[in-house]
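Take a look at the structure below.
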């Protein structure tokens with residue numbers, strides 16, 4: 001016998017969270033909980049403002065329609081990426097497809113203070129990997145910060161994310177301030193320039209490896225092995241169903257590319273599921289999930305070791 005609940009929620013964010021020039025004051029989303037007999041499965045639907053095509057309200061309408069269809073016996077999935085991902089996760093939990101084992105390691109997001117990063121990395125098992133957002137300030141400053149970190153921590157590898165912020169000139173200004181001897185320890189730089197061709201040229205000219213992120217969601221993107229391209233960053237909330245995520249990971253691995261499962265600032269419930277997906281589909285690759293500290297609370301399922309308060313399901317607004 002099938003049954004379902006849908007919950008709506010809103011989590012206050014830390015004051016300094018800015019996405020594409022807009023301050024994110026709250027993180028808004030939905031949960032779906034599916035039951036079939038004794039089995040239960042949860043999924044999170046939380047479109048990311050400025051990145052998702054669908055709004056939270058559109059996702060809610062699509063989710064409620066899909067849940068009603070599922071209760072009638074339908075087996076399809078919604079079209080909207082965030083709804084397709086959340087619904088497919090709930091189904092994967094319900095049917096036992098999504099393994100319980102999780103990779104709760106996370107590449108720490110660094111604000112540029114090497115002393116703070118040394119402390120955070122001290123307890124990290126295995127290779128030392130951190131992530132730095134670049135492109136928010138002057139490119140020269142970014143280059144100096146990255147160089148400082150790589151110089152201060154000799155076994156550090158950095159993942160950098162520019163979100164297509166730079167012109168070719170700005171990208172070159174950044175590279176100029178990174179010692180060529182350190183560049184091999186930049187694991188990859190996500191989407192440095194506004195166009196893929198400019199990003200490819202940057203990789204060739206500087207020897208700094210790049211990764212595709214936004215490109216994966218463009219209609220003309222195809223997976224190819226290219227000079228200077230080392231990785232793809234997959235954000236499931238922006239990608240679609242779990243099957244689509246698996247297809248993208250498989251396509252990347254077939255070409256020898258690293259596939260990184262990455263957060264779209266999901267709640268703790270969604271992040272714990274992403275940690276399970278990462279352990280399942282990209283074992284051995286550190287996922288990019290260090291975003292919980294941007295929020296003021298957890299919900300339903302806590303992240304191991306987090307001191308943030310965790311709301312229970314009966315504290316959420318129920319829609320169905």
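Glycine too: its Cβ is placed from the backbone N, Cα and C atoms.
Keep in mind that what you see is a predicted model, and the values were worked out from it rather than measured.
For the Mg(2+) site, Swiss-Prot records 161, 190, and the single candidate of 116, 123, 213, 220 listed with them is 213. DSSP classifies residue 235 (active site, proton acceptor) as coil under the three-state reduction.
DSSP gives residue 213 (Mg(2+) binding site) a coil state; it is part of no helix or strand. Burial estimate for the active-site residues (133, 235): highest at 235, by number of other CB atoms within 10 Å.
Residue 213 (Mg(2+) binding site) has a Cβ environment of 23 other Cβ atoms inside 10 Å.
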